[in-house]
Amino acid sequence: MALTASTRPLLNDFNLPSHSKNRDPPILRSHRTHFSNPSYLLSFPQISSSFSQINTQSRCPLFKSMPLVPSRKLNSKVRATAAGEEAYQEDFSWSSVILPFVFPALGGLLFGYDIGATSGATLSLQSAELSGTTWFNLSAVQLGLVVSGSLYGALFGSILVYPIADFLGRKRELLLAALLYLVGGSVTAYAPGLGVLLLGRVLYGLGIGLAMHGAPLYIAETCPSQIRGTLISLKELFIVLGILLGYFVGSFQIDAIGGWRYMFGFSAPVALLMGLGVWGLPQSPRWLLLRAVQGKASLQEYKEQAIVALSKLRGRPSDDKVSEKQIEDTLVSLKSTYGSVEESEGSIFEVFQGTSLKAFVIGGGLVLFQQITGQPSVLYYAGQILQTAGFSAAADATRVSVIIGVFKLLMTSIAILKVDDLGRKPLLIGGISGITLSLFLLSAYYKFLGGFPLVAVGALLLYVGCYQISFGPISWLMVSEIFPLRTRGKGISLAVLTNFGSNALVTFAFSPLKELLGAENLFLLFGAIALLSLGFVLLYVPETKGLTLEEIENKILK
């Protein structure tokens, strides 16, 4: 969840499939992550938590597995991969990768901003003195629709993008997301009535669904492979920063007449900046070559466009011979991997067959468990737990959310620094173990340790911290790595849909479960589910550190 951009050497980012290993050295591992979960509106935890993970993406490089192979003549450093093989790591300039990272990552920031801003906006909207409207007296259902409107839009967006992601391409998908963010934010800010306000919320949510899919795909396909995991993880930081920005804007506008309009409307200029920035970026070279191999465009034309795009992404002249050689090698590799147009284009249902099904069980299982291990419930009790430890009653929703947001920021940074050193699986195992322990401690607190509030505070921080180094970023990193090339776009769309769908289910089941079981047994149930998820990781989730996408597809999935 962090940000930063930069460009490494050439196209270390493009890896050669295993069948070509004898011709060219394997390249660095591919990294990718999707967004961890930001904290939700504590005022409306059941609904707001539905946004938490999407990550979208996200996380989501369809073409990452496309091999853009660097020449042996390039200045490279050699290091060992997790698989015990040598990988060539070229020098690169961070400056050339900044813009192709920052502008797509603004899609994550706008997603996080909506979460943070909605908290204060709903308070302003319901105030007879401050709303500036005659329809401020909203029912519980109407208020729930205002809060969750963007969730419904994001759910629909993730369904919409499933069949059309490859047709749109990464750049156009991001441009459409920025347009929806801009229109949705503006319509919401100027809404004359509740109906128009809800329309604006849904349009904004559509932007979330597209951005959480397109941003990690574009970043992963265009950045050098040795920093791919770092950048996709860094993007998660943008979500948390967006949440904190939403709280910050809300705190300044909460006492203004019609302040909710400013809170929602602040997203519009940021969306405009995102759109203008993405407009100036090149297409993903991998997407161009994939479409050419699929017979969707002139091979020669798209090959030339891919050379120009790659040269621009690496800060080289448009007729650079190194870029031309890399594109040529990638094209040869693609043609040998997929002998026909039919083989290069996965069907709509292929995600549920063969190696793609195995990938979906792994990736879909991770994003499912990240939702059903109780994060909404833990955040729901955060204010109460911190107040029992001595925080004043006034320091509830917003202040508690900021505290948790800053802590999430810190723990996410640790995950970003360690994911390429320790690997994916160790972080998952360690983090989920901590999550399980924290949930059992919270259950014990509400059962018989009520006189020891520091136990609850410690368990709360343990849960948030362990979540941010495991389920939060690593689930989406695994999702973006595990799917085969042909079904990667559709597979990630399905993972986003699974994420939002299960989040919505947990959200709406929260209240009845709390009434039926009580806090102590609810945390006990979530602890048992976390224990099951630990077993799932131990038995089914592979370690992908240091492996190229082709090696993951050929060695792990097959």
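In case you wondered, yes, glycine gets a Cβ from its N, Cα and C as well.
Curation does not apply to TrEMBL; its annotations are automatic.
Taken from TrEMBL as is:
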type: DOMAIN; residues: 100-545; note: domain 'Major facilitator superfamily (MFS) profile'
type: TRANSMEM; residues: 97-115; note: transmembrane segment
type: TRANSMEM; residues: 135-162; note: transmembrane segment
type: TRANSMEM; residues: 174-192; note: transmembrane segment
type: TRANSMEM; residues: 198-220; note: transmembrane segment
type: TRANSMEM; residues: 232-250; note: transmembrane segment
type: TRANSMEM; residues: 262-281; note: transmembrane segment
type: TRANSMEM; residues: 427-446; note: transmembrane segment
type: TRANSMEM; residues: 452-479; note: transmembrane segment
type: TRANSMEM; residues: 491-510; note: transmembrane segment
type: TRANSMEM; residues: 522-541; note: transmembrane segment
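Here the domain 'Major facilitator superfamily (MFS) profile' (100-545) returns a mean pLDDT of 85 for the predicted model. Segment contact is absent for the transmembrane segment (97-115) and the transmembrane segment (491-510), given fewer than three CB pairs below 8 angstroms at sequence separation of 6 or more. The transmembrane segment (135-162) shares more Cβ pairs under 8 Å with 198-220 than with any other stretch in the list 174-192, 198-220, 232-250, 427-446, 452-479. Only sequence-distant pairs (6 or more apart) were considered; of these, at least three Cβ pairs between the transmembrane segment (452-479) and the transmembrane segment (232-250) are under 8 A, so the stretches are in contact. Note on the transmembrane segment (262-281): residues 99-100, 102-104, 106-107, 109-110, 113-114, 117-118, 120-121, 124, 171, 174-175, 177-179, 181-182, 185-186, 188-190, 200, 204, 207, 218, 246, 249-250, 253, 256 of its chain, located 6 or more positions outside it, place their CB under 8 angstroms from a CB of the stretch. Under 8 Å from some Cβ of the transmembrane segment (174-192) lie the Cβ atoms of residues 103-104, 107, 110, 150, 153, 168, 199-208, 210-211, 214-215, 218, 261-262, 264-268, 270-272, 274-275, 278-279, all in the same chain and six or more residues away from its ends.
Through the fold, the transmembrane segment (522-541) approaches residues 361-362, 365-366, 369, 372-374, 377, 424-425, 428-429, 432-433, 435-436, 439-440, 442-443, 446, 478, 513-514 of its own chain, all at least 6 residues removed from its boundaries and within a Cβ separation under 8 Å.
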